[in-house]
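Just below is one structure, and these are the notes that go with it.
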Amino acid sequence: MSNAEHSSNFIRNIIIDDLDSKKHDTIITRFPPEPNGYLHIGHAKSIVLNFELGKEFNGRTNLRFDDTNPTKEDTEYVESIKEDVHWLGYNWSELHFASNYFDEMYKRALLLIKKGKAYVCDLTPEEIKEYRGTLTEPGKESPYRNRSIEENLDLFERMRKGEFEDGSKVLRAKIDMSSPNINFRDPIIYRIAHASHHNTGDKWCIYPMYDFAHPLEDAIEGITHSICTLEFADHRPLYDWFVKECEMESVPRQIEFARLNITNTVMSKRKLKQLVDEGIVDGWDDPRMPTVAGLRRRGYTPKSIRNFCKAIGVAKADSTVDSQMLEHFIREDLQETAPRAMAVINPLKLVITNYPEGESEILEIENNPKDESAGKRAVTFSREVYIEREDFMENPPKKYFRLFPGNEVRLKGAYFVKCNEVIKDENGEVTEIHCTYDPETKSGTGFTGRKVKGTIHWVDANNCIPAEFRLYEPLILDDCEENEGKHFLEQINPNSLTICKGFIEPSAKDAKPQDKYQLFRHGYFNVDPNFTSDDNLVFNRIVSLKSSFKLK
């Protein structure tokens, strides 16, 4: 049994029991995002969970936009969410908008009023909060709690017609102001908001609250298993109360699981919006963002995200996942599929003084050292090449096996070269290193005369492509997003992005946005879709080549 299957057993067992007992003939799950922002990796976990359960049990999974708050929602987010779900590899059975149920919700609210289970309240938001009480003190009843059914029906109809100002009245459920569950203390189910809605326009000026709308939406669609995160566990009795008292024909079951927390990662939509609004990142799809759009632009594949979400499974208690686990799955995917190339991101010119001027040759370098069937590619080699600046040191420490005066290394797929001279500018900065090569040491010839301890990569200075390389580190310094109560903006890593100008071998000349490469010794890179143009090739580093992380 896989980790994913084992971890998600408690939800699967519920579904299996329901099917075996004939409680349900089939299952219907749903992914119900609010279209007020871009989806992030936490939403991806919910998408994978719901759609995979639907697939496993031959059921259906709907995509429903929980669009009951007109002031925060936008069609832009609707379209981005649809794109993200498709990109992750899923097709919904039905597409719904909660706003399409507003008429039905209004009828159910009228039913509650007629049953004496709801009333119009004139308390201010501050007074409602004060009257609600605390976890240790019961609430106080609103002075408007015992209005007659007739008066409540009249006031609610006038609320709908737009006769009252925003915030002047609300419709509340009439339950129990002394309940130990604060959610039962006469929760608000409708508020006034004179705002245009992205889907219904100006038809409505009253809008249902989440706790009222969500169970009705599930019941209307015939959802069998309404899977949500743990913060809604205390809301489940209220969820069930609304389904029962609104006399819904279908009775969905709410099941809670732990939300996803990842080290060095902000998961709050409000905080992510703050990062965008304050210009700390360059948008919702910034490659440092944990949004699906950001991960896609960074270079993560749908398969890697799905495998990550399956591997972490579903738990009943909150925990934090190491961000290196997500990196593990993109490495696992790309090491099989990404073409190899050599690139120098911080170039230093190396001149081979005994190589014939004006000449070049074609070398063959393996595409994947672990897969002979991947074949080889042609790379040109000439008198001048670029190497990484960090691959040369004038005064190296012990056990430094790369290039330094008097030392010999192999240029990957080419020859041994020995450093003989260092050229500097007026500031003492190394600008060139002059070497000699040994023609007998060509790779692939079987030369065994002597060995070198270092192999470094390079690109032909006379046949390479200028490129920009964007190197990313975690955006948040602390492992825990809320470490010691510090404001999360204090934990922003000032070095989360480093931009380097370098060169890549000509095999990348036809690279298109979202193409992925393994760059020798550097890691896996993705061609940036936003900044790449015909004359400006930009690579985002997805992950480094190796990690100490071990999948348990």
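Glycine is treated like the rest: Cβ placed from N, Cα and C.
Annotation comment: Swiss-Prot describes 33-43 as motif ''HIGH' region'. Taken from Swiss-Prot, the feature ATP binding site applies to 34-36, 40-46, Thr229, 259-260, 267-269. For Asp66, Tyr210, the entry in Swiss-Prot reads L-glutamine binding site. Residues or ranges marked as motif ''KMSKS' region' by Swiss-Prot: 266-270.
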Cβ atoms near Asn36 (ATP binding site) (within 10 Å, other residues, all chains): 16
Same-chain residues at least 6 beyond the ends of the motif ''HIGH' region' (33-43) whose Cβ lies under 8 Å from its Cβ atoms: 65-69, 72-75, 77-78, 80-81, 84, 198, 259-260, 262, 265, 267, 269, 272-273, 284-285, 289-293, 295, 305, 326
Which of Glu34, Asp66, the listed binding-site residues, has fewest other Cβ atoms within 10 Å: Glu34
For the motif ''KMSKS' region' (266-270), mean pLDDT (0 to 100): 88
DSSP-assigned states of the motif ''HIGH' region' (33-43) in counts, ordered helix, strand, coil: 3 helix, 1 strand, 7 coil
Counts by DSSP class (helix H/G/I, strand E/B, coil) across the motif ''KMSKS' region' (266-270): 2 helix, 0 strand, 3 coil
Nonlocal residues around Thr229 (ATP binding site), in sequence order (Cβ under 8 Å, 6 or more apart): Ser46, Glu256, Phe257, Ala258, Arg259
Lys45 (ATP binding site) CB neighbourhood, other CB atoms within 10 A: 23
Neighbouring C-beta atoms (10 Å sphere around the C-beta of Ser268 (ATP binding site)): 13
Nearest of the binding-site residues (Glu34, His43, Lys45) to Asp66 (L-glutamine binding site), judged by Cα-Cα distance: Glu34
Local backbone state of Asp66 (L-glutamine binding site), from DSSP in three classes: coil
Cβ neighbours within the same chain of His43 (ATP binding site) - under 8 Å, at least six residues apart: Phe31, Pro33, Asp84, Val292
